[in-house]
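S.K.: Residues annotated as domain 'Gamma-glutamylcyclotransferase AIG2-like' in TrEMBL: 3-119. Annotation source TrEMBL lists substrate binding site at Y131, F132, A133, F134, G135, S136. The active site, proton acceptor feature in TrEMBL is assigned to E207.
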Amino acid sequence: MKVFVYGSLCRNMKNHHYLKNATLTAEQAWTEGELFAGYSYYPLLVKNPSKHTIGEVYEITGDMLSHIDLLEGYEQGDEHSLFVRERVKIDTHQGSEEAYTYFYPHEPKGSPVPHGDWRVHQLLKKDSVYYFAFGSCMDQERMELAGVKPHFQSILGGAVLKGYKLGFTHHVKDGGRADIIEQRGDTVEGVVYQVGQKALNYLYKREGVYSNAYRPIVVQVILKDGRLVPSISFTATVKKEDLTPPLHYAREIHRGGYSYLSKKYIKQLEHRFEHELSVENFSEYLSHYK
């Protein structure tokens, strides 16, 4: 059986130890409902078909479910339960499935959680956060042109994100833009910055968060020194078929990642831009770059 969790049971949260022997099947999952901050360390999921809440899906045992029921204050048939457990439809990057989750059946408390993602909400309480860039934001020349380079000076170096693939699923007038899609067995490389609020403000505008083009997510990336760090990144809200990006965009990705990403990954990017996505004039750029 599966359970969808969205608050204190998520990875790196207070009650995640309840799931230490469970199997994570999706970390970018969502279901209908509105998430409220509440007045304690855990959020409240309230039924609302016009809103979505983001969370994680785990394969669990019956014993695990019983322990989670106790944690959530749920007792079957008790109308005074703190939370009620229901089976709901869950969407992921790989499709839809069903899982148990817990709704708050009382009057909601606190303010709505932005983007319905408690993990992002909690991480952004810090004065500075790690940011995982996998597209054109790896490129310092692009940052300088935008006038924001001073906000992206703390560079920790290259990093690896396991369980995701790189796509170009966000379509704009001149072509595709980079995206990360959860996909077991795949890997994305990128650059990790330590950033403050001014950098985040810029990223939210640049990534089109306010126009619902991308949404912020938390991913765990592996730094070159082996550290595993939770980082802010962005994923497209609507994922279409891969679309060839324009040369200037492919160039920014290649140029920005060249000094930080593994040689193998750079070769994969070059092959993809030249032969799979057929970026116009990329071969000519590459011959001059090298």
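Every residue gets a Cβ built from N, Cα and C, even glycine.
Where the annotation comes from TrEMBL, it is an automatic prediction and has not been curated.
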S.K.: Near the substrate site, what residues other than Y131, F132, A133, F134, G135, S136 in the same chain have a C-beta no further than 8 Å from the centroid of the listed C-beta atoms?
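M.R.: Near the substrate site, the remaining chain residues are C137, M138, A178, G190, V191, S233, F234.
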S.K.: Does DSSP give F132 (substrate binding site) helix, strand or coil?
M.R.: strand
S.K.: Would you mind reading off the Cα separation of G135 (substrate binding site) from the residue listed as 'active site, proton acceptor', to the nearest angstrom?
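M.R.: With distance taken Cα to Cα, the residue listed as 'active site, proton acceptor' is 11 Å from G135 (substrate binding site).
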S.K.: Find the average pLDDT over the domain 'Gamma-glutamylcyclotransferase AIG2-like' (3-119) in the predicted model and report it.
M.R.: 96
S.K.: Cα of A133 (substrate binding site) to Cα of the residue listed as 'active site, proton acceptor': how many Å, rounded?
M.R.: 11
S.K.: Specify the count of other C-beta atoms within 10 Å of the C-beta of F132 (substrate binding site).
M.R.: 28
S.K.: Near A133 (substrate binding site), how many other Cβ atoms are within 10 Å of its Cβ?
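M.R.: Summing over all protein chains shown, A133 (substrate binding site) has 27 other Cβ atoms within 10 Å.
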S.K.: Would you mind reading off the Cα separation of Y131 (substrate binding site) from E207 (active site, proton acceptor), to the nearest angstrom?
M.R.: 13
